[in-house]
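The active site, proton donor annotation in TrEMBL covers C:E33. Here TrEMBL flags C:K167 as active site, nucleophile. Look at TrEMBL and you will find C:K94, C:V114, C:S148, C:A149, C:D150 tagged as substrate binding site. Under the heading Mn(2+) binding site, TrEMBL lists C:D146.
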Amino acid sequence: MNTNALPHSLPPLVLSAEVRDALAQGRAVVALESTIITHGMPWPQNVETARQVENLVRAEGGVPATIAIIAGKIHVGLDDSTLEWLGTARDVMKVSRADLAYALSAARHGSTTVAATMICAQLAGIRVFATGGIGGVHRGVEETMDISADLTEFARTPVAVVCAGAKALLDLPRTLEFLETQGVPVVGYETNDFPAFWSRSSGLPVPLRADSAKDIASMIAMRTTLGLEGGVVVANPVPQVSEIPRAEMETFITQAVEEARRDGITGKAVTPYLLSRMLELTAGRSLETNIALVLNNARLATHIALALSGKA
Amino acid sequence: MNTNALPHSLPPLVLSAEVRDALAQGRAVVALESTIITHGMPWPQNVETARQVENLVRAEGGVPATIAIIAGKIHVGLDDSTLEWLGTARDVMKVSRADLAYALSAARHGSTTVAATMICAQLAGIRVFATGGIGGVHRGVEETMDISADLTEFARTPVAVVCAGAKALLDLPRTLEFLETQGVPVVGYETNDFPAFWSRSSGLPVPLRADSAKDIASMIAMRTTLGLEGGVVVANPVPQVSEIPRAEMETFITQAVEEARRDGITGKAVTPYLLSRMLELTAGRSLETNIALVLNNARLATHIALALSGKA
Amino acid sequence: MNTNALPHSLPPLVLSAEVRDALAQGRAVVALESTIITHGMPWPQNVETARQVENLVRAEGGVPATIAIIAGKIHVGLDDSTLEWLGTARDVMKVSRADLAYALSAARHGSTTVAATMICAQLAGIRVFATGGIGGVHRGVEETMDISADLTEFARTPVAVVCAGAKALLDLPRTLEFLETQGVPVVGYETNDFPAFWSRSSGLPVPLRADSAKDIASMIAMRTTLGLEGGVVVANPVPQVSEIPRAEMETFITQAVEEARRDGITGKAVTPYLLSRMLELTAGRSLETNIALVLNNARLATHIALALSGKA
Ligand SMILES: [Mn+2]
Ligand SMILES: [Mn+2]
Ligand SMILES: [Mn+2]
């Protein structure tokens, strides 16, 4: 059977020298996403945090690989000026699986969501990725059917994602059910509870528990050995000193959700609205907690990557 | 590890001489489905439209490949007498992904849905397919969980499907959400709005937009380069001269849905019932619009296939 | 592109001599799950039934391969003392797709659900598997989003599962809709009705029908030829002499569901609660029926495996 295949070509990947050398040497590389820079945090905290995260990965013995789309190329490892530019850039697409090929073929700029970062990490040969929180099932899903493409990506792409659970604005019980239906492992690190982003516990049990980065690395390696498709959610609670307890957060979330309804906020505008209300209602503590949990996740991700590379 | 594998055999594909030669020469081939012939339109408009569509593809410089199951073989490219026979045949299965192997091994006749046509096109090496509208999330899904297998096929099989959106009888907002969750690109052609089959706009934004067949072909080629699984929904609004405006259509749909409820129509009987009421309520205009949009989609599909084959 | 890949290693599979020889000779091997032993039936009926099933497969000309995780290895074919031990063991994980790598890398014991047994069967090169009933969409899914991972496994792993449908405690209409959306074939054996585990009919039509093991084997072989991902649900009604009619069962189920609500039973505790109430309400008949249907499924599975191996 003949096909209309175009001449085979390589994915448009641009690796920084640091990342390229690290991968060639089999060192511990940790992928980092860029939506947190363009959409997740205000300037200048977004750029400062991105730099802090990269330095923390290096300090722990790994190599950071922040991923973004620049002029139609997938950049893996960003230089400082690009990071700075991203922190205030306009006309940057938020790129998920569905948008990736479009952003590349149309030569656009884009920041990558959890789903798209998983795909790009996999293309570059990176197996561990640190972020803040993954997407999930949205509150009100029974009306909207709004479920993040991050969740189906975990059923497909073999990358382990270290996170503080899913954002507590989401419907966490249903997010866990959806992941279970998709056959996705959710492993709590040193916890029996699924974390709730700003809070150490959602009150829901986490399906699996591991107490060392090495155990998590063994599980990831076993998935490769078995040839299982898909990734792993590593749920890492924010350090106690930085958490906002769940009872407190739930009050704010309930209030913000009601305000959003009252103000007629719908669709894609809901999450940014709620996040900015969280910032106000917590008098800025939600952002501090967010920064703390991202750093905490980068540390664990580096330890897992070191264990996978046989360097820990 | 030994397996009980049967002797390897080739898929039971029968290509017409026209299609076989075109594929061998790397020419622009456009797949066409056959459920529209057996279940989508009344006789004789079904056969007349099928011929018109094939001739339009040829006139635009492509080669049409209408796909159907005949006596347990996948026919790709039907001769005129087979098309004529299909147009009035009884005992023709409506074949989706779940039914395909059964229809073949039981030596049945079948017309192929969007999902099954995507699979057969992919087996034959065809990358572009024109249809009327894709399946979607059904109205009342919160009760029934009735969601077309077409939508999950887009997450799996790398074929681009040019359509006028999903039939407006469906729940279009939830259809878009489901496709987003599955990571499926939905690209509007020369529009910012997701079309509603008989109407140029559903009132919903389309996630991506392209303004030329070449841009769509570049995106498809990039998906191949990235090794992304799954297909692309190319949403092509019916020409303005042929559309039935949304406000008008919605009145008819609401009325027909109420009548179906009153008459106790349920399950698989609902869609045919609603389509036939649409025909009556619009005094036949819904069928004229349907024919116009299929032709319009075949034209765009041919242009995309030409761009992919490097001939445009 | 370099990857951090670990040295390639083989899955930790331990085949019994009987299974290893049978696979090497291309004989008819039938996979059997172990969750029915650890969680599905009380002792000693669980062990007795497991033995009866194995002997029935042998008597019909096949080789049984009961699958369980023992100390971090996938055992395919259990010796008698292991079966006995499993029948009363504590600290045995219930292992589905999400748990499999974890159970292995953490050197745990585990019984395998339908989903995990499909994966392990596929790793061992076994294509047919007999069980009691598959998981499905849970009643109350509109509140919980609780859907068994068995259903998505059928969209992925090419193993045919002979069952008496899904447990009638589940939401059977929505279970069939979910399977349709996932493109999974559901074939009734000598029936037009989808069975309801203890009852021969759920009152719902089964999408496809076959009247011989050979026809089912042909369909499975055709799926391999087409390269279709995913498995097949073979729905085999319990013999009439052993069934509990649906009207009778529905009364018990409705009563038990109400009692569970009254007693505040939620989450993972619901199914075991309902099953144990079924046992009481039917004065033990539900267990007798369960044993009869498992034996009936093992017989049909053996005949299908024989047909696939060319020995029938
Ligand atoms: Mn969404
Ligand atoms: Mn349906
Ligand atoms: Mn469940």
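We number each residue from 1, going along the chain as drawn.
Cβ atoms are placed via backbone N, Cα and C, with glycine included.
Its own atom aside, the Cβ of C:V114 (substrate binding site) has 28 Cβ atoms within 10 angstroms in the protein chains shown. Of all the recorded positions listed here (C:E33, C:D146, C:K167), C:E33 has the Cα closest to the Cα of C:K94 (substrate binding site). Shown in sequence order, C:S96, C:R97, C:T113, C:A115, C:A116, C:I134, C:G135, C:E153 are the same-chain residues outside C:K94, C:V114, C:S148, C:A149, C:D150 whose Cβ sits within 8 Å of the Cβ centre of the substrate site.
Candidate recorded positions: C:E33, C:K94, C:D146, C:K167. Those with a Cβ under 6 Å from ligand 3, in sequence order, are C:D146. Proximity to chain A, taken as a Cβ less than 8 Å from one of its Cβ atoms, holds for C:D146, C:S148, C:A149 among the binding-site residues C:K94, C:D146, C:S148, C:A149.
For C:K167 (active site, nucleophile), the same-chain residues 6+ apart in sequence whose C-beta sits under 8 angstroms from its C-beta are C:G132, C:G133, C:G135, C:G136, C:F197, C:T271, C:L275. According to DSSP, the residue listed as 'Mn(2+) binding site' is assigned to coil rather than to any helix or strand. Within the set of binding-site residues (C:D146, C:D150), the lowest number of other Cβ atoms found within 10 Å of a Cβ is recorded at C:D146. Taking the residue listed as 'active site, proton donor' as the reference point, none of the binding-site residues C:D146, C:S148, C:A149, C:D150 has a C-alpha atom within 10 Å of its C-alpha.
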